[in-house]
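Enquirer: Input: one structure, supplied below.
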């Protein structure tokens with residue numbers, strides 16, 4: 001029985017497998033039939049013939065399946081009869097059947113099994129159903145094909161056309177458009193070019209006369225906005241680069257900012273920001289640049305040259321003509337000549353070629369003059385640091401290999417009193433003084449702690465001074481000499497003996513000249529409401545402040561003060577004299593400014609200046625807020641009150657209300673002090689109710705001042721220098 005059960009299970013499994021394969025074949029046939037539906041009409045007849053053939057084969061398979069089922073039923077009946085005979089025969093038959101079944105199942109190429117499946121006598125698989133008699137019955141009427149359907153209908157052209165899937169895409173070649181038109185070449189204009197906007201417009205074909213150059217500065221920022229600090233840092237870099245390289249500030253500013261106008265706008269912003277820091281949050285000034293500095297620059301450039309070209313007669317034959325040496329050309333003059341040449345080119349002026357030739361000649365003269373400059377030997381007269389002549393008692397050489405190579409010096413502990421005195425005289429008055437030296441020692445100490453205990457423990461090390469070698473001192477002297485020469489070349493109050501007339505005279509017009517001091521006009525613009533007609537007293541030598549002047553210079557200066565006092569009293573006005581020496585590091589030319597004021601304002605002027613000195617600067621300071629030199633003059637010092645009250649090394653501001661004294665103020669923080677003469681102009685302008693715009697302007701000297709002739713007429717009556725000229 002076990003063998004029979006196994007055989008039935010095997011038959012059921014084979015049947016399920018056949019049915020599964022049949023369903024899979026039918027699904028595959030349906031998918032293939034679905035894909036063939038979209039093909040062209042010429043393949044339709046083939047599909048119908050294949051479909052009829054498939055139906056016939058299906059009927060044939062069904063017939064074979066019925067035949068196989070009857071054969072299996074007869075086999076089961078025979079097995080049942082053999083089982084009834086005997087158990088032994090049954091077991092033997094079962095073993096024979098099992099062995100034959102195994103041979104039949106695993107034998108390849110057997111006629112009863114192909115590819116692992118049972119087949120019948122006709123060669124078809126046994127699972128195919130036998131022929132069903134019902135399939136021979138006639139079809140219904142609606143399914144019987146008619147004669148009209150047998151004939152093929154006439155189809156449309158779109159149905160007989162080839163499939164779109166069989167069409168290849170063709171890319172048409174583009175038509176040749178011919179050679180491209182050549183655009184006219186345009187010049188490339190650099191972003192750093194001066195007046196780049198004007199050049200770009202002219203490059204596009206516009207004439208210079210058609211351009212509308214804006215006279216008002218148009219910017220997209222305001223003073224003090226987010227980009228103000230960046231612009232001020234950029235401006236500071238311009239001055240640092242000019243100081244380091246020796247080039248002109250205007251040239252570097254134009255390269256950095258892109259144009260001279262933007263550079264002047266940045267300068268104007270710095271002036272405005274300095275005023276805001278000085279006068280606090282209540283100050284109301286400009287918000288955007290007005291272009292004043294740029295306009296002043298254009299006015300200076302547009303002035304006619306002072307050198308007149310006189311027609312000279314041709315020299316006679318055989319006479320050697322001595323050509324005088326040409327005036328020395330500096331970098332500032334070259335820059336101005338180049339700017340004038342560029343302006344002439346932009347305006348298309350007729351003298352463009354002449355200006356260009358003059359600039360080329362000046363450039364050649366400057367280049368040749370640089371290499372032929374005579375050497376200057378610096379000694380103690382140029383710098384006190386060189387007074388020792390390489391033999392300084394306060395130092396001694398470091399006797400080591402590296403010390404000898406580098407020339408390192410160390411402090412000499414065996415100094416005498418005389419050596420200390422000589423060192424003090426040689427090193428006093430230096431910029432920064434002992435405070436800077438102490439700061440340098442602290443900067444070199446990486447473990448420094450601002451604690452009294454630390455300073456007490458390291459007092460000996462902090463007291464040591466680092467001495468510079470002879471080579472370093474010479475380098476400092478050379479740098480100081482070059483800086484001083486540059487200041488002297490650009491000083492508007494100095495006489496230049498090395499220049500040709502009239503360039504040897506200062507820019508400020510000389511009204512009256514004595515032996516050591518001369519008088520000029522006050523720089524314009526002057527304050528209004530009674531302060532017109534001022535004057536300036538200037539020593540001929542370039543002094544940092546008036547305290548450096550000797551007795552002869554002071555005597556002549558007092559004579560000018562007396563004459564000016566009589567002049568203004570004759571006009572019914574009082575006079576104030578002041579000196580602003582708050583920035584000694586700039587090495588400006590010392591001068592005294594005389595400002596006339598209405599007579600009724602003379603008594604209240606000391607109160608205005610005293611109040612301003614009390615409020616300026618920090619609340620806590622090392623010096624008194626003001627020094628009353630007028631009081632000391634009344635106490636017995638007389639005309640020496642000013643010179644005995646303030647040290648000449650200190651930065652200060654002093655105002656005289658009479659010939660002997662007034663009020664003085666020691667400036668401790670130069671950065672917070674108003675720039676230029678703004679401190680005095682604001683006090684006097686406040687007394688006289690002058691316009692705020694006029695007060696804020698920085699005064700400047702001009703060589704050709706229209707006020708000079710009128711002032712000379714009024715001054716002639718009180719000019720004390722006429723005694724010197726008439727006595728000669």
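Yeah, the Cβs are placed from backbone N, Cα and C, and that goes for glycine too.
Nobody curates TrEMBL annotations by hand; they come from automatic prediction.
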Enquirer: In TrEMBL, which of 238-279, 280-321, 322-363 is tagged region 'Disordered'?
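Expert: Per TrEMBL, the stretch marked region 'Disordered' is 280-321.
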Enquirer: How do the residues of the compositional bias 'Basic and acidic residues' (1-28) split into helix, strand and coil according to DSSP?
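Expert: Its residues fall into 27 helix, 0 strand, 1 coil.
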Enquirer: Do you know the DSSP helix, strand and coil residue counts for the domain 'Cwf19-like protein C-terminal' (619-721)?
Expert: 48 helix, 13 strand, 42 coil
